[in-house]
């Protein structure tokens, strides 16, 4: 519960900080080659739609883990979160998110990040996208130290509903198995 309150406090502080920004150029203090990153993140935060995330499935690669290990893992990674997202002038998707879910050992795992997807329209209502997410998470088995990462990301968009997936790579060394998980989540744009 303390971690959940901490995550919510951080989200509220970020929101208050963004709302308090009164300069016409919030990225003016950024290094020149990073300004486009700042500007896109600021645009996503300021102009994006509110999103609600739902997670619920984490598939552990059967080619890496033994049946005994798989039986001990939690594959119902229930959780949720909030975010902001938009489709840019080229039709590509940008999202900011803060989520929390139950990890493979049924421990609370928070994550905050940015995701980008290059999209292709199948028809008026259906889009598919491939891209990446840059995030920070923390895990009990790593002493809750913030861990930065980057992961591949894929999604199908249908009107306001999105189904997304990422693959968390890992090690398959005997006795040191970790990662190698397909993580699925859904999103509703509010």
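Cβ atoms here come from the backbone N, Cα and C positions, even for glycine.
Here Swiss-Prot flags 60 (among others) as active site. Around the Cβ of residue 60 (active site), the same chain contributes 69, 70, 73, 75, 104, 180, 181, each under 8 angstroms and 6 or more positions distant in sequence.
Taken from Swiss-Prot, the feature active site applies to 103 (among others), supported by sequence analysis. Taking a C-beta cut-off of under 8 Å and a sequence gap of six or more, residue 103 (active site) has these contacts in its own chain: 58, 74, 77, 109, 139, 140.
Swiss-Prot lists 104 (among others) with the feature active site, giving sequence analysis as the kind of evidence. In the three-state DSSP scheme, residue 104 (active site) falls into the coil class.
Annotation source Swiss-Prot lists signal peptide at 1-18, citing sequence analysis.
For 69, the entry in Swiss-Prot reads site 'Role in lipopolysaccharide recognition'. Packing around residue 69 (site 'Role in lipopolysaccharide recognition') is summarised by its Cβ count: 12 other Cβ atoms lie within 10 angstroms of its Cβ, all protein chains included.
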Cβ atoms near residue 104 (active site) (within 10 Å, other residues, all chains): 22
